[in-house]
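Q: Before anything else, here's the structure in question.
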Amino acid sequence: MRALQLLVLLLFGLVGAQQQALMDYLERRLLAIEDRISLWHDQTSRYASELREFKQQMVAQLEGLDKTKEVLRTELDTVGTRVDRVEREMDYLETQNGVQPCVDVDDKLVEQQVTVVKERNKAKYSKLTDCSDMISSIKAMKILKRVGGTKGMWTKDMGAATGKVYIFNGTDDNTLYEFGSVRDLTSSQGLSSATSIQLSSSWRGMGHAVYKHHLYYMKDGEETRLIKFDLQKSIVVDSAVFPAKNQLPVYSLNPETYIDLAVDEEGLWAIFATQENERHISLAKVDPKTLDIEQTWDTPCVRENAEVAFVICGTVYVVYNSKLPSRSRIQCVFDVSDMVTNDDAPHVYFPKRYGTHSSLKYSPMEQLLYAWDDGYQILYKLQMKKKLEV
């Protein structure tokens, strides 16, 4: 009987050992499966993270490609204009150095043809303008600030209501300063608080213009070249040789300025002088998109003792140094539409307090003059009247 009990116990022991071995085996398999599941989870998380990063990279590259496509489209749009510009400049150079014709032309016939062309140009231009305002008087004067040196220029964008103010300190530099508003300028401690904009080349003189988010200025150097600079992208978008040879300083009292760019209700103008008509000031209408010279006029306004000039409604006003102490006066006007003659020039004195105006920029949207006088930034508020009232 005892032997039988021992046999039963032995059998139960063997079964228990097999069960324990089976349990151990199952536990090891479960642990291995858990390890594989954990590894799979880690790999899946890593793959998902890498996929997200790859997606972000692809999105960034697609955005970059879209920007590049827009830049290429813009450059392609301007290729035709640039080719035309080169052709015009080549034509201009050929006209300056061309061979004399080998035919005799009657002088009277030539004069008649020139007269016909001038009359056609005048008629064409008259149809483009309906502006008829002119200066009546200086209504008010406000001295805002003294920033910078004796000579310089300050202006707003005369073709867009941005409110930004631009400071050009000196007669040749490649850095201009931008303030968010006139108030920011008046409350500033100097140019250090302004945003600096670096140009690709230095400007020449004080005859710059800011018009519809673009800066127009004359490049410093031997060649008289007009530069169009995009102020939003900070790049040069176009340039052209100014088609006038043997240029002279346009104002005797500001000899640094050879071309004075002006903006009025009708767009962009250039005030200049050449040796061909050395005593007098000339005027040109400029296409701000292509920089083409649409038409030119010889004015009766002399360069002698002239300080500055500006344009309002197609009429150029030339300011001269007056014999009165600390005063300047408009003494000559020229109207491209012939509605105002020089005899109708308004007797307008500027209540100047310091030296000679180095620049005067007209704002057609505000009917204000932005003046630079010995480092002082001054605003002149204008009283206007219709040209037909003179």
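Yeah, the Cβs are placed from backbone N, Cα and C, and that goes for glycine too.
According to TrEMBL, the protein carries these features:
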- 55-89: coiled coil (COILED)
- CYS131-CYS313: disulfide bond (DISULFID)
- 130-386: domain 'Olfactomedin-like' (DOMAIN)
- 1-17: signal peptide (SIGNAL)
Q: Looking only at CYS131, CYS313, which of these disulfide-bonded residues has the biggest number of Cβ atoms within 10 Å around its Cβ?
A: CYS313
Q: If you average pLDDT over the domain 'Olfactomedin-like' (130-386), what do you get?
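A: Summing pLDDT over the domain 'Olfactomedin-like' (130-386) and dividing by its length gives 91.
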